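See structure below.
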Amino acid sequence: MNKENLTVLSQEKLTSKIFKMKLKGASVKTMLTPGQFVHLKVGERHPVLRRPISICSVEADILTIVYRVEGQGTKLLNQKAAGETVDTLGPLGQGFPLTEESTALLIGGGVGIPPLLYLAEQLYRRGTKVKVILGYRKKEEIFLEEEFQKYGEVIVTTEDGSKGVKGFVTDAIAEAGAYDVFYTCGPKPMLRAVETASSKKGYISLEERMGCGVGACLACVCDKQKPFEGKAYVKACRDGPVFEAGEVIV
């Protein structure tokens, strides 16, 4: 883990509430594992707690994050202009393992979509066939679709049917065809549905509220499906946010 004031290079509005930020700094070169996150201090005094944001992509010393503006912290982050700095801790957490399976299905919903982009890139560069299902409420909320298309076939689902498959991401799994392993990130109801719908080996990434980001505050504790060595819970920030499918109760 590194602590550095990363320099803001740009902010870009992707949808009404989704923004993409590029930051630059030497510590970015250590952010090698997809699925990890950074912990950002967005205000001098308030809010006190840092904000966990998934790593969307890394290129040399440039970090890209994609976030949704919905609370005080992300509103302050959204006010950062090019040339300003953001106090950053990272990389944090356990990321996605890059397995040896030949075909991977990536399933993302909402702000669970961004961390899958870095995973798609790395799997693609390893020679893995990448298939992607991206779930949104409506076509006006679609973001990162074109970026994923660089690495494989992309199926879009919208709840209202305004684009792609009407319904939820699980409604598109059959259309995606055969795959050997799945990776998914999104809200818990979606994760539960994906685990139920697939009998394949898989990995889930949890979207949990995190206070400290290093496992001290217990704000992100999750119950395990089967206690191991007397441990009935895990900390999403330190032990995760990525877990094997079925390892934790979602």
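Placement of Cβ uses the backbone N, Cα and C atoms for every residue, glycine included.
Here is what TrEMBL records for this protein:
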type	residues	note
BINDING	R51, P52, I53, S54, V66, Y67, R68, G73, T74	FAD binding site
BINDING	C212, C217, C220, C237	[2Fe-2S] cluster binding site
DOMAIN	1-98	domain 'FAD-binding FR-type'
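Structure with TrEMBL features highlighted.
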residue	record	DSSP class
R51	FAD binding site	strand
V66	FAD binding site	strand
T74	FAD binding site	helix
C220	[2Fe-2S] cluster binding site	coil
C237	[2Fe-2S] cluster binding site	coil
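Around V66 (FAD binding site), a 10 Å sphere centred on its CB holds 23 further CB atoms from the protein chains shown. Excluding the listed site residues R51, P52, I53, S54, V66, Y67, R68, G73, T74, the same chain places L40, I65, L77, V111 with Cβ atoms within 8 Å of the centre of the FAD site Cβ atoms. The average pLDDT computed for the domain 'FAD-binding FR-type' (1-98) is 94. Residue density at C237 ([2Fe-2S] cluster binding site): 28 other Cβ atoms are found within 10 A of its Cβ, drawing on all protein chains shown. The Cβ of T74 (FAD binding site) lies under 8 Å from the Cβ of V42, R51, Y67, R68, each of which sits 6+ residues away along the same chain.
The binding-site residues in question are R51, R68, and the one with the fewest Cβ neighbours inside 10 Å is R68.
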